[in-house]
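K.L.:
Got these off TrEMBL a minute ago, pasting:
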- 38-418: domain 'Biotin carboxylation' (DOMAIN)
- Lys154: ATP binding site (BINDING)
- 158-210: domain 'ATP-grasp' (DOMAIN)
- 234-285: domain 'ATP-grasp' (DOMAIN)
- Arg260: active site (ACT_SITE)
- 495-764: domain 'Pyruvate carboxyltransferase' (DOMAIN)
- Asp504, Lys673, His703, His705: Mn(2+) binding site (BINDING)
- Arg576, Thr840: substrate binding site (BINDING)
- Lys673: N6-carboxylysine (MOD_RES)
- 1018-1099: domain 'Lipoyl-binding' (DOMAIN)
- Lys1065: N6-biotinyllysine (MOD_RES)
Amino acid sequence: MLLQMGGVRSALSLLAVRRACCLSRAAHTSPQTHEYKPIKKVMVANRGEIAIRVFRACTELGIRTVAVYSEQDTGQMHRQKADEAYLIGRGLPPVAAYLHIPDIIKVAKENDVDAIHPGYGFLSERSDFAQACMDAGVRFIGPAPEVVRKMGDKVEARAIAIRAGVPVVPGTDAPISCLQEAQEFSNTYGFPIIFKAAYGGGGRGMRVVRGYEVSQHLCSRDRRSSAFTAHFQVGYENAGTVEFLVDKHGKHYFIEVNSRLQVEHTVTEEITDVDLVHAQVRICEGRSLPELGLKQDKIRINGYAIQCRVTTEDPARGFQPDTGRLEVFRSGEGMGIRLDSASAFQGALISPHYDSLLVKVIASGKDLPAASAKMSRALAEFRVRGVKTNIPFLQNVLSNDQFLYGTVDTQFIDENPDLFNLRPVQNRAQKLLHYLGHVMVNGPTTPIPVKAKPSSIDPVIPQVPLGKPPVGFRDVLLREGPEGFARAVRAHPGLLLMDTTMRDAHQSLLATRVRTHDLKHIAPFVAHNFSNLFSVENWGGATFDVAMRFLSECPWRRLQELRSLIPNVPFQMLLRGANAVGYTNYPDNAVYKFCEVAKENGMDIFRVFDSLNYLPNMVLGMEAAGAAGGVVEAAISYTGDVSDPMRQKYSLDYYLKLADELVKAGTHILSIKDMAGLLKPASSRLLIGALRDRFPDIPIHVHTHDTAGAGVAAMLACAEAGADIVDVAVDSMAGMTSQPSMGALVACTKGTKYNTGISLEKVFDYSEYWEVTRGLYAPFDCTATMKSGNADVYENEIPGGQYTNLHFQAHSMGLGNKFKEVKKAYTEANKLLGDLIKVTPSSKIVGDLAQFMVQNSLTRAEVEERADELSFPLSVVEFLQGHVGIPHGGFPEPFRSKVLKSLPRVEGRPGASLPPMDFTSLENQLRVAHGDDITPEDVMSAAMYPKVFTEFKEFSNKFGPVDCLNTRLFLDGPKIAEEFEVELERGKTLHIKALALGDLNKAGQREVFFELNGQLRSVLVRDTVAMKEMHFHPKALKDVRGQIGVKQGQQVEKGQPLCVLSAMKMETVVNSPIAGTVAKVYVSADSTLEGDDLILEITE
């Protein structure tokens, strides 16, 4: 009798059930009654891992092997491991093929098979199959048919155990036939009780009942083994397993007998050094146990063994089987590890029709901790991509102290919910291959304004010295705080510069598309050579949502990485007052929280503005930035011309009064934000001179755009009038709708009292990097359609970034030759709205109205006359309602009343009436939707842009860290035969080569081939163009509830069972997530489904 030591396997590992694996021949049977007849050819009436296991044993014994396979299993490994393989069950369902006894016997007879091994599952415990083998003159490697029948009948097996004096748990002596019998039993023994089918299997026939109310759930499938022995005088021959329950006192109770080789037989083999399959075959040939050297007193248990069944089951979804293609398969190996695999190899298709087993991993060691350590190491080495597996769950079990001390029981999983705290699998390399393949097949994932390719030339990164960068103004800020920092800026003798290259410059010239990848390369150079900059503007404004929306990268990660690379220069961001970095109103606490998190991640200076200069919105942003500990830079948005006495709405007095209010509100720095580049030298001297006289101790910072070409002259005039800081961009990213040239300002002030202290030679190196880098963004470069700036900006007052966007839009709509009309319409739209301050979002409102006028060929007079009948853009209507704030001078009447009619109006600050945002609730929602890997930064991204953040997380989950790719690869993908490297993190670099692009298959996919770190990899990519012409089963949307299965029109309640999904022995009951009506059913009984297939839709 052989003992089997317990170990963990597959998803559920409840070790309170003990199994004894037995090899026996009845005691009354003498060796003479069994003639030795050698076996020359063995068929395995099974598939997968167990078939391969038997084939290997037979090959070692010199026996020829025969495989059978279904039509669905033509690609399975077991048919390749046998000497011969034959199709069975043609035209039958997948499982039915392996249950079709006539076909199996026919193949055996036609091919001179001596014996059939049933494996486990399928026909292994069918007495009629054993009998059919005997009737056909083919030996059955297992017990006699009558024994199989007795052991398969759970009631009869229990009666045999009782007669043999083996303890059993209380139960009925025969199958019950009515509810009354069940009630009588429960009255005697109490609850809970288990209903078990007399001919059940794998736990599918068991139901737990805890009371008289209908309250049932599936009992966990038995996947556990431990030591015990049992022997029945029933004429039992060959291998079998006796199962017992063991209580806390060590007492054992019989459950059942499995008259076949057990799934966990490998554990017995490892600790006893006995090949059970060899023994099965030899016994079938007529050998006795003594002849095989298998006497009980000679069986020795050596150490411990654990078996883990690595399956394609998802623990996060109730161990629901997953299907698909194995894109990557790499197993764990090494000393003390045995692998018994099924069809686990790269490219294998995981079928929904059969057991989800990939490979059985068996670890051996001198004791349980040693075996567990080997198993943990082996599982950590596994790389399975393309389908979900239970490996994370198994790893949690192996690290659980209760398991390691061997004290688990049947409540182990229920009492350890942390087993389901699954570490997410990174799968970064394969996800990146999916992204690259997607771009190769379908083109860029981000919208491309013009048909231009990224440059093939890579920028040369200037060298930087080793060691820490020099001390900069940030050291002053950290040492003396915002107030001391402001004093130091005001006391600085020369002109200070803020570099906008990393934000507003590329927002104006390159549609905000510059990626963190290229910013990081040049960041160390900036830290070492421009330490005397006032600040670097690198965050906020449009860059926040564009990072997620179009670049598929986290804006917070950009801030964190740049902060680590530039520790000495202050960072500056653009904060839209009460709108934070969004385009809508937020609760006040959301703005405060955003500033707090931004400061914690390295932001220093908050330039706070409002698109209408609406003071209540500005003050909220200032207070939020100040409360976070940041430097508050209140920015007055500039429009008009203070030097023109004919333009009095935005006069010098207007700006001075507004500045008074901002200084009273506690700003550390006063800023003029000239977003359209309207400041001329004369108006610069007038405005800045007046501000300097009014506020001699407050630093003054001036921002402008160079659309008209007068930016350098205007900034020099500002410096002469008393400005402390002006904004510039590096030369190759300056001019036109961007900021004035850094090199020009540095050169013009050199040798004067306004000297910037910046090396002109270093500016040249900096500019050279950006000149080549800019070529990578050719598809977004404004110079594709706009060849120069234009002084007509003094008339139309279009902000720099918007000027570029409108130019792109006009050309993309075929209106390039009518851009002059668009600009004229912009001027008229501005007058219609009452002559606004124009900066995001107010500039967009004017632009929307201008495009509306051009598209409908409307003049200003016609719009005013027909205002009560026209359907205006939503942004215009919401502005007139007061959602953006109150413009200087009020809303235009009667235009406003005509447009709004009876629509409601917002009184006062738009966000003041919004209830506080519940960040805890939002975080919980995000964890449910995206997993536990949610950071405070993620919460703020979702608070600002809920939909954009969700799409970003879904993209990242599908395609991985695309921010690791260089910009050419990100936008255009690799060329065939191109070799390149991708650094995932420090010390982890992928070496990739694009090999080939396959033809379109029937599923609308193309296979894209790569070489990754010297190994062949391939991914299947859906061709989005081809897919439009092909029909597929609809897929369920993850974020839409009410898409799950009953009759169309039927009313269902929340939690009501709808259907049962079955994959081999795994059954999943699908319950309704909502109450409602079944709108449409997409499946029928016995439908074959793939992952994410839609079953039905429910409407609330």
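Every residue, even glycine, has its Cβ placed from backbone N, Cα and C.
Heads up, TrEMBL stuff is auto-annotated, nobody curated it.
The structure displayed is predicted, hence computed values, not measured ones.
Give me the lay of the land around each of these features.
P.N.:
Arg260 (active site) counts 27 other C-beta atoms within 10 Å of its own C-beta, drawing on all protein chains shown.
Across the domain 'Pyruvate carboxyltransferase' (495-764), the prediction's mean pLDDT works out to 96.
The Cβ neighbour count for Asp504 (Mn(2+) binding site), using a 10 Å radius and every protein chain shown, is 30.
The Cβ neighbour count for Thr840 (substrate binding site), using a 10 Å radius and every protein chain shown, is 20.
The number of other Cβ atoms within 10 Å of the Cβ belonging to Lys673 (Mn(2+) binding site), over all protein chains shown, comes to 24.
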K.L.:
I need the neighbours of the Mn(2+) site defined by Asp504, Lys673, His703, His705. Which other residues of that chain put their C-beta within 8 angstroms of the C-beta centroid, in sequence order?
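P.N.:
Here the non-site neighbours turn out to be Thr500, Asp674, Met675, Thr704, Asp727, Gln739, Gly800.
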K.L.:
Only counting partners 6 or more residues apart, tell me which same-chain residues put their Cβ under 8 Å from the Cβ of Arg576 (substrate binding site).
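P.N.:
Set apart from Arg576 (substrate binding site) by at least 6 residues yet with Cβ under 8 Å, we have Gly541, Gly582, Tyr583, Phe609, Asp610, Ser611, Gly621, Thr840, Pro841.
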K.L.:
Would you kindly give the Cα-Cα distance separating Lys154 (ATP binding site) and His703 (Mn(2+) binding site), rounded to the nearest Å?
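P.N.:
Roughly 85 Å, rounded to the nearest whole number.
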K.L.:
When you measure from the Cβ of His703 (Mn(2+) binding site), how many other Cβ atoms are you left with inside 10 Å?
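P.N.:
A 10 Å sphere around the Cβ of His703 (Mn(2+) binding site) contains 27 other Cβ atoms.
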K.L.:
Could you put numbers on the helix, strand and coil content of the domain 'ATP-grasp' (234-285), residue by residue per DSSP?
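P.N.:
Its residues divide into 18 helix, 16 strand, 18 coil.
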K.L.:
Have a look at the binding-site residues Asp504, Lys673, His705 and say which one has the shortest Cα distance to Arg260 (active site).
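P.N.:
The smallest Cα gap between Arg260 (active site) and any of the binding-site residues is with Asp504.
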K.L.:
Quick one: pull the CA-CA distance for Asp504 (Mn(2+) binding site) versus Lys154 (ATP binding site), whole Å only.
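P.N.:
That separation, Cα to Cα, works out to 77 Å.
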K.L.:
I'd like the number of other C-beta atoms within 10 A of the C-beta of His705 (Mn(2+) binding site), please.
P.N.:
31
K.L.:
Fill in the CA-CA distance, Lys154 (ATP binding site) to Lys673 (Mn(2+) binding site), as an integer in Å.
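P.N.:
Their Cα atoms are separated by 84 Å.
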